[in-house]
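Engineer: Got a structure for you, written out below as structure tokens; questions coming shortly.
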Amino acid sequence: MYADCNDLVFALHLFDKLPQPNVFAWTAILGYYSRNGMYKDCLETYSEMRVQGVRPDRYVFPKVLKACAQSLSLKKGICIHRDIVRFGAESNHQVCNSLIDMYSKCRDVRTARRVFDEMGERDLLSWNTLISGYVSNGFVELAIKLIQSMRLDGVEPDLVSWNTVMDAYCRMGQCEEASRTFEHIEEPNVISWTTLISGYSRIGKHDIALGIFRNMMSSRGAVPDSDALSNILVCCRLVGAYLNGREIHGFGIKTQTLRDFYNSAGAALLTMYARCRRAQCAANVFELMDKSDVVTWNAMILAFVHLGMGDLALTCFSQVQTRGIKNDEVTISALLPACDLKFGKQIHAYIRRNDFDSAITIWNALINMYSKNGCVEDAYHVFKNMGMKDIVSWNTMIGGYGMHGNGVAALQLLRDMCHAGIQPNSVTFTSALSACSHSGLVDEGLQLFCSLSQEFGITLTMEQFACVVDLLARAGQLEDAVQFINSMPIKPDKSIWGAVLAACQAHQNINIGKLAAEHLFCLEPENPGNYVTLSNIYAKAGSWSDEVAVRKLMESRGLIKPSGYSWVDSEN
């Protein structure tokens, strides 16, 4: 009774007084541990129970299997499965469902399916548990097939089933299928709405996600919770929807306690304000968040980095250490882009001292930091000495070489990458093509571009087309660049014509410069930089009447190029 009432101290006091606790007493203690997240204590108590010779029953097994599932203790779960068979509990529905859940959470989906198949009769929970296990382990197509089998077996899906199917479709990027499933749900709950919102957000359709959220706000019986608010705030951040974000901020304050709202959705809210360039709003949210959590500080550091306030990001980092909060790899990875070389080296030393050696994301950020600060040799030293490298490591180092015009080294690293059995992706080739462009390696760059779809099966992107145009234009082959643009299977964007216009200024090609500028005036009519570049081309060629015409066009459109300012660090 006391264990059921969550009075563990008195329950243990009574338990210790029992000369020979029976299975009911053990079950009460196990239930308390399992219910309150004390999974290690639960499993240790079960082991002690077995040592004492107490025979577990069908009420014990679900509690200890939950502890195995939540602590990802597969080996212990397998041992308990043997006990289940030994004591004849393998035919019990609740025990079998707990086994399916345990194996699924421990990523042994094959055994979970075997337990499911061997069940004499399956209830709705059996189906839902396995479907959820498939989805959480990435087997979304199997999950969808299973729900079809479920209906053939005479079991009608419930709201949990449909929500899981929606999640499966969303994970596959098939949000329209998820929407069709949603339409068949008579009374969708918060999870239904949130699943659909996060699905569209995940594939970049943030406007649709915002529309779904508005429908949710006007529906009955589904008040957005913290998860829904966090998801939709991410959409606001990614599309820069400041007014929508403020509206959601106000809604969260009205419908939830301030403590719960800021602790759950505070990080998403803070980063939304930072993305919308509202530094004071971000700082106000930060003041209301729990400062004992590293997640809060990470959000503020990321916000300052995004706002270009590197000094404040570094100040935050120092405050985290002063408060005795242990930084994690998110903190370090977020901070490094804001570091100059001096502070970057200090962070590097901090990484060494605090055993972050296994965090690949940190080492990738270090490579990027050294590259951006002009220390490519130091970047390569970090890269070479990494215990493990992922594709981001290779891409970052190739990009570092390209940034500093060392295309030969970038291409060699690409070859080394292929020899190491790492499959290059679209980002890899974009970085390598950019390296060729900045190094004047025209033939090598064109050869690489031709190999993308033919040898590597890469779907060509606008960025890769832009790299080739930039490659040709920088080399002065402007006619070839225009011919290449005309042969593109996709409509060129401003980056394409911007590269041509910049090269025309460098190589003083008036005709092609005028052509590029005309396209840019249509693509981004309010960008004064394009007008100024064309004006400068005319002025340098002595074509003053054309130069004056461009200036008058700017005036008629109300365009004035803002003055440029720079800050210079001084030791004095």
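Glycine too: its Cβ is placed from the backbone N, Cα and C atoms.
Since we're looking at a predicted model, the values are computed, not measured.
Reproduced below are the annotations present in TrEMBL:
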REPEAT    22-56  repeat 'PPR'
REPEAT    92-122  repeat 'PPR'
REPEAT    123-157  repeat 'PPR'
REPEAT    158-188  repeat 'PPR'
REPEAT    189-224  repeat 'PPR'
REPEAT    293-327  repeat 'PPR'
REPEAT    359-389  repeat 'PPR'
REPEAT    390-424  repeat 'PPR'
REPEAT    425-460  repeat 'PPR'
Engineer: By DSSP, what is the split of the repeat 'PPR' (158-188) into helix, strand and coil residues?
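Structural biologist: Once the DSSP states are binned, the repeat 'PPR' (158-188) shows 22 helix, 0 strand, 9 coil.
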Engineer: Please work out the mean pLDDT for the residues of the repeat 'PPR' (92-122).
Structural biologist: 92
Engineer: Which residue counts does DSSP give the repeat 'PPR' (293-327) for helix, strand and coil?
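Structural biologist: Counting residues per DSSP class in the repeat 'PPR' (293-327), I get 26 helix, 0 strand, 9 coil.
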